[in-house]
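Worksheet: the structure to be examined is printed underneath.
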Amino acid sequence: MSPYKSESFLYRLQYIFIAFPIHLPLAECAYTLFVVAIFWLTEALPLGVSALIPAFMFPLFGIMSSKQVASAYFKDFHLLLIGVICLAASIEKWKLHKRVALRMVMLVGVNPAWLTLGFMVSCSFLSMWLSNTSAAAMVMPIVEAVAQQIITAESEVDALEMSYSNGSTNPGLELDAEKNSTQLDSKLGKEDKYNGIFKAMCLCIAYSATIGGWTTLTGTSTNLIFAEQFNTRYPDCQCINFGSWFVLSIPITVIILLLSWIWLQWLFLGFDFKSMFKCGKEKSAREKASARVIQEEYNKLGPISYPEIVTLVLFILMTLLWFTRDPGFIPGWSSLFPKYKGFATDSTTALVIGLLFFIIPTKPLSRTSNGENTGFGYTPLITWKEFQSCMPWEIAFLVGGGFALAEGCEVSNLSAWVGSKLTPLGSLPLWLIILISCIIVTSVTEVASNAATITIFLPILSPLAEAIHVNPLFILIPATLCTSFAFLLPVSNPSNAIVFSYGHLSVMDMVKAGLGINIISVAVVMLGIMTWMVPLFDLYTYPSWAPIISSTNNTGL
């Protein structure tokens, strides 16, 4: 570049900063955020690598020192993630998740509609504690086997009925044109029905894995990112924990799960209430085939093993400790340490239980008839290599990058500037502001990763809520939930991609079904945020833990 062109470029850059009343650190932070967002949306680099960009851009721009940026990359969230991954690694190693899934499906029966619901419930339950990807990858092979057996059994029955029909109506096997046409139409109808079975069962796994993930604070990375960034921005709140999130999300999960089940049934299989609720009738060939496959898969697991029992006990213990730490309506176990209020968090519980997986052996200590201990090779429930193979390091770096960006936005006053520019939105009704933010986030998350979407939008929506003097939870909770509504495309999330890879779905099948699920999900979230979530967090009151920003605009309440 020639000196003249270089001077011209610098002149134009200076003109931009003079023309727009933006301080230099603020503009540099906005530029960094823009660059990272572009890399996250396009995935030109791995997400974890792109998340490291603020680590060198902020010090070079003078926004934050290297030590400050480095400290932002490791938070309480990462300790919680480590503990949860220890549990998930043990569950997957000892196949406890497969036993739970098969048992839940066996409980609901083998009627096609109830079978689909059983798979949805079991997959969503697993995804509450495991990653959505792991839940879908584990349940999908079982669904594939069941669906194949259903098709095989019904094909055999159809062939048998066809041979009986041909033998009774036309012994010479000389059918007229009308008969041929009727049988051809019947065959095409059967093929459509078989395709419908595969499509409904595949999509129920993809969607239920996502639906279950947002139910618990540890079920998906977006919830964890929200909780950590929210508690960092509003340290005096401490209202978002495992118990409170579960209470607000479980009604949403149940409603969306049931409506999604009805939608998929109606779209691909038809919805016959009479056959679904008819009792005492003989099982069809399809139902017998399904029951046989599920029972065979369950029998292959054998009796429950010692490592499975220990893993189940530790899982229940971790869940109970999360719920009882600070339930809100009664004093929790954290009140036993009044001098250290707020010191113990959900990550404390997760780490304590997680470390036990490296200590407890896979075999109990047995004794001989003489009362002496028998020797055995000591092996813990999980090893470090097994933990490393399950640890999502990309998510850990991605979340750390989000924390660094959020802190940079605060230090450079970019958040305050964005909030001041969004103040005119306060003239709109509150429900419309929430709906607009939900639609925007839902649209972006279809083409960008869920974690990247929530990391980009949280620093924007928090100042918006403060600027229009609305409880930040009123806008942030719906937006966080909507970042998980990636139902539309195979590339929207890994669960969709896993199901799509089995070859039973077209892109239009997923778009058609996913569009309905998106509409249902946004509608249910809007219903929840305007009804049962209001008293849960006292949403109509501007909280004392949120900063007070002078504004003449009304909030639309």
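The backbone N, Cα and C atoms fix where each Cβ goes, and this holds for glycine too.
If you check TrEMBL, you get these features:
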TRANSMEM  15-41  transmembrane segment
TRANSMEM  47-65  transmembrane segment
TRANSMEM  72-91  transmembrane segment
TRANSMEM  111-130  transmembrane segment
TRANSMEM  197-217  transmembrane segment
TRANSMEM  245-268  transmembrane segment
TRANSMEM  304-323  transmembrane segment
TRANSMEM  343-360  transmembrane segment
TRANSMEM  430-461  transmembrane segment
TRANSMEM  473-492  transmembrane segment
TRANSMEM  513-534  transmembrane segment
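Within its own chain, the transmembrane segment (245-268) is flanked in space by residues 113, 116-117, 120-121, 124, 196-197, 199-200, 203-204, 207-208, 211-212, 214-217, 223, 227, 323, 477, 481, 512-513, 516-517, 520-521, 524-525, 528, 532-533, 536-537, which lie at least six positions past its ends and keep a Cβ under 8 Å from the stretch. If you look at the transmembrane segment (304-323) against the transmembrane segment (47-65), you find fewer than three C-beta pairs under 8 angstroms, all six or more positions apart, and that falls short of contact. In this chain, the transmembrane segment (430-461) lies in contact with the transmembrane segment (513-534); the count of Cβ pairs under 8 Å, excluding pairs fewer than 6 apart in sequence, is at least 3. Stretch with the largest number of CB pairs closer than 8 A to the transmembrane segment (473-492), among 72-91, 343-360, 430-461: 430-461.
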